[in-house]
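Data first, discussion second: the structure below is written as structure tokens.
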Amino acid sequence: MTEPATTATVTKSQSMLLALLQRYPVTTLLLAPYAVLIVPMAVINHNPETGFILGLLALAMAGATLVETAALLIWRRKTWRQETISTRTDHPKIFLIARLVAIGSMIADVAGTMAGRGTIFTQVSGTVAASPVASASALVAGWKYVAFALLLSSVLTGRARRGAFYRWTLALIGVQVCLVFVTAISAPLIGYLTFVFAAGLILGAIRFRYVVVAVAVLFLVWPTIFNARNEVRVANGIVVSNNSATDRLRFDTQLTRASGFEVPVDVGQPGIADFPRYGFVPRIVDRERPLISTGAKINQYLGGSATSSFNFLTLGTVYFLDGPVGVVIYYGLWALVVASLLWVGRGPGPVRLCLLCLVIAGPMVWVSTYPDTVIGLLQHTVSAFPVFLAIMLSKREKKTGRHPAPALDPHLALRV
């Protein structure tokens, strides 16, 4: 096969993968980590519970795929919604707002971490960082997701150049990388990278080959990050396990620990009735509220201490707490939410993109703890209200004729 033919084949394959992600976003987000990492590790290491993993994955995909197929038939038009997004040029200051939110997010994350919020040391001590700085930074903890959503909106509507979009995205990621060396916790970084890649691909703003390169680099630098994290823990008197960086990638064994229990299991996790208090009332005005600590409760149920946390990945934790039916309902419900945000009506503007990104960053992240992520989604949505207000106030009145729409790249969503 000639080189041009090979290139064309690769490009066609990438386009097919991108089209699958854009038509079945929740199904693809669910499948990707299992296809790339979890199932291969289970097969290579002869995990006897591989069938359990595949069975759970099939249940979740059934719920998500059925809903997304129905949504495609009901809401989807002949052309992808990216074209609709690219015509929404009635927010001329959206890139300015995106940069301000990004700066505020990075400052808050660094300041809050230095004040003790979200570190392994507060987790081990079982306390909450109570300083004013930590409390204030917690109020805008979700702005790093909102900032990326607004950067997406900016580049998709032509208000920001692709280079500027990548620079600001790298700045947001860079802060999360640096925080690993302070918090000694790597899961938030993995979650944020997953979110950025997923949202960027779904909306066509990040090229597929860049994600492939980034994932390859992440695998190469993972041992360094893992060892640095452990060194910070040891230096502060925290005992670390003897697991290697490769052992830590055995997410298949983490998930299959859920196979030995009669489900559903009640570990005292927050119920739906608790969501309003946890989701809508800031801790700064409700200091007596118990911590959201489903991971710690699961760890205690497994015989561990209350100062450590454990989950079975998102899929396994939903199964553990809600059973097989809960798995189908959970992924079917979020597939409906994502489809509604993407495809209903004229198409998503900046606010709907923010909500979409918060869903991807919370309930859809594969390494998170359910139902804490659902509560986190509510908290982040409330904290984003000032940003939403700024977006609405900056919206251009169409009759004024000011701020002419910038030239758009009609192939932005199709590039890989």
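Residue numbering: from 1, along the chain as shown.
Note: Cβ is positioned from N, Cα and C throughout, glycine not excepted.
Annotation comment: TrEMBL describes 24-44 (among others) as transmembrane segment. With a threshold of 8 Å between CB atoms, the same-chain residues lying at least 6 positions outside the transmembrane segment (24-44) that come near it are 50, 53-54, 57, 60-61, 64-65, 67-69, 194, 198, 202, 215, 249-252, 255-256, 313, 315, 331, 334-335, 338, 342, 360, 364, 366.
Per TrEMBL, the feature transmembrane segment maps to 50-75 (among others). Tertiary proximity for the transmembrane segment (50-75) is limited to same-chain residues at least six positions away from its ends with a CB under 8 Å from its CB atoms, namely 23-27, 30-31, 34, 38-39, 42-43, 252, 255-256, 259, 315-316, 319, 324, 327-336, 339-340, 343-344.
Residues annotated as transmembrane segment in TrEMBL: 96-116 (among others).
As annotated by TrEMBL, transmembrane segment applies to 136-156 (among others).
Per TrEMBL, transmembrane segment is recorded for 168-190 (among others).
The transmembrane segment annotation in TrEMBL covers 196-222 (among others).
Annotation source TrEMBL lists transmembrane segment at 301-321 (among others). Sequence-distant neighbours of the transmembrane segment (301-321) (same chain, 6+ residues past either end, Cβ-Cβ under 8 Å): 30, 38, 56-57, 60, 123-126, 251, 254-258, 261, 263-267, 269, 293-295, 327, 330, 363-371, 373.
The list of residues near the transmembrane segment (327-344) in space but at least 6 beyond its ends in sequence, with Cβ under 8 angstroms from a Cβ of it, reads 25-27, 30, 56, 59-68, 71-72, 75-76, 81, 202, 315, 318-319, 352, 355-356, 359-360, 363-364, 370. The transmembrane segment annotation in TrEMBL covers 327-344 (among others).
According to TrEMBL, the transmembrane segment annotation covers 351-368 (among others). Long-range contacts of the transmembrane segment (351-368) within the same chain, counting only residues at least 6 positions beyond its ends with a Cβ under 8 Å from a Cβ of the stretch, are 26, 29-30, 33-34, 85, 142, 145-146, 148-150, 152-153, 187, 190-192, 194-195, 198-199, 202-203, 251, 311, 313-315, 330, 334, 337-338, 341-342, 374, 376-377, 380-381, 384, 387-388, 391-392.
Feature annotation from TrEMBL assigns transmembrane segment to 374-393 (among others). Same-chain residues lying 6 or more positions outside the transmembrane segment (374-393) and placing a CB less than 8 Å from one of its CB atoms are 91, 94, 97, 101, 139-143, 145-146, 150, 270, 274-275, 278-280, 282, 292, 350-351, 354-355, 358-359, 361-363.
Sequence-distant neighbours of the transmembrane segment (136-156) (same chain, 6+ residues past either end, Cβ-Cβ under 8 Å): 82, 85-86, 88, 91, 94-95, 97-98, 101-102, 104-106, 108-109, 111-113, 115, 117, 162, 164-165, 168-169, 172, 175-176, 192, 195-196, 199-200, 203-205, 282-284, 349-350, 353-354, 356-358, 361, 376, 379-381, 383-384, 387, 391, 412.
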